[in-house]
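To start, the structure itself, in structure tokens.
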Amino acid sequence: MSQFTHINASGEANMVDVSAKAETVREARAEAFVHMAPETLQLIVSGQHHKGDVFATARIAGIQAAKKTWDLIPLCHPLLLSKVEVQLQAIEAENKVRIESVCKLAGKTGVEMEALTAASVAALTIYDMCKAVQKDMVIGPVRLLEKTGGKSGHFKVEA
């Protein structure tokens, strides 16, 4: 089993030293879901939501969040992201929104946390914009779908 990289021999949390690592192209994809009532989803899809374009706002929030991950999660490194993409899809047959994020860079550490943060904050933004209409929406699951690059190699969720 692998060891935790953020904990030293004394059990104290520290930011990992990546200064000796080689720069490689790294990419990560994550997804999140927001489950809601059909009426709430219809407000979003039809563009009739009183707060405006829910998907556009959630997309921008997710992108901004990816860029601020280092500021939100204490042991994450500040990264020079080269790409952040957030896609939102209404799945009307299941009364949910699927959010997929992609983050990419050429660097010394991975972008999994940035992708997860982007998807999570986009989901939270949908909740925030729709909570006046429905308070019992459910966010989840949120998960890493795939990551490439770096020493640990390629990871992909099995279908």
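The backbone N, Cα and C atoms fix where each Cβ goes, glycine too.
In this structure, D128 (active site) is part of a helix by DSSP. Per Swiss-Prot, the feature active site maps to D128; the stated evidence is sequence analysis.
Per Swiss-Prot, substrate binding site is recorded for L75, C76, H77, M113, E114. The Cβ of C76 (substrate binding site) has 20 other Cβ atoms within 10 Å, all protein chains considered.
Residue annotation for substrate gives L75, C76, H77, M113, E114. The furthest Cα pair among them is separated by 12 Å.
Of all Cβ atoms in the shown protein chains, 28 besides its own fall within 10 Å of the Cβ of E114 (substrate binding site). Counting only same-chain residues six or more apart in sequence, the Cβ atoms lying under 8 angstroms from the Cβ of H77 (substrate binding site) belong to M15, V16, V18, W70, K108, T109. In the three-state DSSP assignment, the secondary structure recorded for H77 (substrate binding site) is coil.
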